[in-house]
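Straight from TrEMBL, the features:
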- 27-118: domain 'Ig-like' (DOMAIN)
- 123-209: domain 'Ig-like' (DOMAIN)
- 228-309: domain 'Ig-like' (DOMAIN)
- 319-399: domain 'Ig-like' (DOMAIN)
- 405-492: domain 'Ig-like' (DOMAIN)
- 496-584: domain 'Ig-like' (DOMAIN)
- 597-695: domain 'Fibronectin type-III' (DOMAIN)
- 700-797: domain 'Fibronectin type-III' (DOMAIN)
- 802-898: domain 'Fibronectin type-III' (DOMAIN)
- 900-994: domain 'Fibronectin type-III' (DOMAIN)
Amino acid sequence: MKLNVSSWENILKYYITHVYNDILQGPSFTQEPQDIMYSLNMEHSEVILNCAANGYPIPNYRWKQNGTDIDFTMSYHYRLIGGSLAISNPYKAQAIGTYQCLATNPLGTILSQKAKLQFAYIENFETKTRSTVSVLAGQGVVLLCGPPPFFGDVYYAWTFNDHPLPVQEDSRRFISQETGNLYIAKVEPSDVGNYTCFVTNMQAQKRIQGPPTPLVLRNDGVMGEYEPKIEVRFPETVQAAKGSTVKLECFALGNPVPNISWRRLDGSPLARKIEYSKSKGTIGIPNFQQEDEGSYECIAGNLRGRNIARGQLFLYAPPEWDKKIQTTDLSIYDPLFWECRASGKPIPSYVWLKNGEPIVPEVKNGSLVITMLNVSDSGFYQCVAENKYQTIYANAELRVRASAPDFSKNPMQKISVVQVGGDVVIECKPKASPRAMISWAKGSEMIRQSKRFFILEDGSLKIYNVTKLDAGTYTCIAMNQFGIAKTSGNLVIKERTIITVPPPQMDVTVGESIVLPCQVFHDPSIEVVFTWYLNGNVIDFQRGVPHFERIGGESVGDLMIREIQLNHSGKYVCMVETTLDNLSAVADIIVRGPPGPPSNVRIENISSTTSQLCWRPGIDNNSPIQIYTIQTRTPFSVGWLAVSTIPEILNGKMHTATVVGLNPWVEYEFRVVAGNSIGIGEPSQPSKLLRTKAAVPVVAPTTIGGGGGSQSELVITWESIPEELQNGEGFGYIIMFRPVGSLTWTKASVSSVEASKYVYRNESLIPLSPFEVKVGVYNNEGEGTLSPATIVYSGEDEPQLAPTGASVQSFSASEVDISWNSIAWNRSTGRVLGYEVLYWTEDSKETSSGKIRVSGNITTKSITGLKANTLYFATVRAYNTAGTGPSSDLVNVTTKKSPPSQAPSNIAWKLKNSKLCLNWEHVKTMENESDVLGYKILYRQNRQSKTHILETNNTSAEILVPFGEDYIIEIRTVSDGGDGSSSEKIRIPKISSKFHCDSSMSIRIDHCIVLFLPSTMISWFCSFQLASFM
């Protein structure tokens, strides 16, 4: 097929562009030359302008100086290092200028940004002696620096006489960095001397010194005062680059020394970023921006007047890219609109380059327009934006393709799957230049567009509302003037997925367990994935989320929620996903529960017995609040208690109530509990702790009693009032009493809050006289309630009579009985409430004697725990509330000797029929022990606590024991001193009834062997012989 190309260069470009496009790469700069300021005093005698570019094949480089190609064969000063330009021993007149680098490979050429090479230098001052400057004292003066020719940034400084430090600026002295001149606003005698100007060129790396300028004072007078004269002015128009630092100078001579100030003519304040020199003669505006533009004014003023210098600052901005061109692939005959846009001040102009050479295309606002592309239009393009301050470049490649349709890189999908009733797009995107014409076939039949079959703009086929009959092989046919290509794929139809049982809306109570169904019908060949969401968040079953569980099989994705919580309320989404479609079902679940805790419980008003509360309702948890309950706690209560309120029932719409029935002068805190039809919720946070107001106490003491005490005393007792019922500070008790029958009350008070007793003393009190007594309460608020009257008797005398007929008898080694006659008493002889027995040994003192009491009219008492064989003395006396009376006559008794310490031994036993025969040795006693009077045999069935006792005066005994039972037996002595030690316990094993002697069988004891073992342990071994009687 014939191509529209005109030369072998276009054929080569076409071949390179389309055959080796994936391998070749046009040039692109990685490094571009920058402006260089070269010092002629530098040690290195070579300048290098950097340039490097990527590309394949590797680019070649050439350079332009001032727009003319450099011929490296004509000058030994120039050579290439890679792509960079090296200039050896640069000569100012020859090397100065503007340089550009060009990078070229077979795909095209690009041109770098321009770079200036300049030479920094400064010549020396002339050695000619400077004339003396003569001025009047008080006159202003300008000392000229007169620097020699230079290039580059310089800095001016002055020295005075031989002082090593430079002259410092102040309100009187100023050094202009524009002219280098030294300005003295008002000369003083101390200024007389020699002044020297120094100029430093940092870029040239050189500092020079001028000849000294003498300053002397004239002696023909003194300069009078005069108005300021501005000698240093900034230009009327200043062009400043965006982002640069702008400096404005202004200084005046005058007498007195003028003050320098600055302002903007538009009235806006000076920017805070502005920096001032010490003399205020220079201001610096860093980072100059659009808002810093405008007219500035310098005012120099003194007592004689003022002078003004004005100038206007204008912002200029080098070009900056707003829209850069990008590498573009287009087909032959396509239109091209390449947008290129830059901002700057002044507005930039545009130039277009192709492969480094200017072109004159159709340009609209800087953009390149080609209405119909040809292969020859391929190449590297540069959009150049330029204003008088800078030139910038944007590079891009244009590739114009001409090719037959090709599906090798983007074939049709072999199998497309869609569900019945769905829509499907079968893509057909061949690579073709120009764009191919697309047609479709199913099998061998061509497809015509219809309501269900539609060919999209990009050539893809879209089928609407797919049916089973649409399954088959589809072929896309692409064709342009360079050729034709085809690609095919199969369309497979699947059954549509349908949610058959969606989750329903549910209203549940917290704590219940529910199942949300989600069941589907789907094509058997398609895998279904169920995903559940709660309020937009995925329920991750893999992480073991509490309460949630997936149940069901392949087509069932039911969700079980165990013990559902309040935070489980919300929107549940069952998402069903297959490889072909996504569908979902939504259900709102409302979980109702007891209300949340009320908040902000406050005490609005508090009295002595009431408190007004208010609160804010908590969340109702989806069930309206029906009732509120108020609870209280005090330092005296155990936990929280419900309290009475007005109104008595607090419905769910009430948020204030009055608590009643409180105790005065008690610290209370309150909380509120809400309830609804589900239950009672959590209580609120407690309110602040507040104390009720004080009030007169209303609770009278109880358990009024007393009596006793000594003669001439009336003892009154009561149960003290707890703190929570004292109702205020200054609490105490009021005691009122009077003799029975009297009309006059005696009144006393006790100020101790913990008091429970009061003693009234009066020598005229008749013993045991009845009194009516009342006990009341009071505090700082007043007197409270009195208790009902109670009869309390006054104190009495001790008994006056001693018991008679005292006698004592010993019953054992540790026990004696004492008896006496009762006293017939009356009021004159003293009341008798009981008797007190005192006893002691001969060796002990009476003060350390034992003492026991009996109440009432009892006249005998056993004394136990005594020493054996010991003489005891005893006496008896009566007692009442006043004390004890006189003692009876002294009686004595000697306790019995100790019981035998030796236990019965050599115990033998044998069973005969149901009789148990026991024998033991007689126990011999010690001299200090009571004689043995007999023996006690204690026996009981094993595992039973009831013990039987058999007493005997002999050393043997027989006991009837039934068959089939174990018995535990022990033997002890009996004496006047009591029972002695017991023998070791003997276990008699049970005997089966089959060994009972009957008509056919008898038991004969052949022999019994007694073994005496250590520690008095006795074991018996009996052998039995069975005799059989025929």
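A Cβ is built for glycine as well, from the same backbone N, Cα and C atoms used for every other residue.
Mean pLDDT for the domain 'Ig-like' (405-492) in this predicted model: 92. Look at the domain 'Ig-like' (27-118): DSSP puts its residues at 4 helix, 52 strand, 36 coil. DSSP places the residues of the domain 'Fibronectin type-III' (597-695) in helix, strand and coil in these numbers: 0 helix, 48 strand, 51 coil. With helix defined as DSSP H, G or I and strand as E or B, the domain 'Ig-like' (496-584) counts 6 helix, 42 strand, 41 coil.
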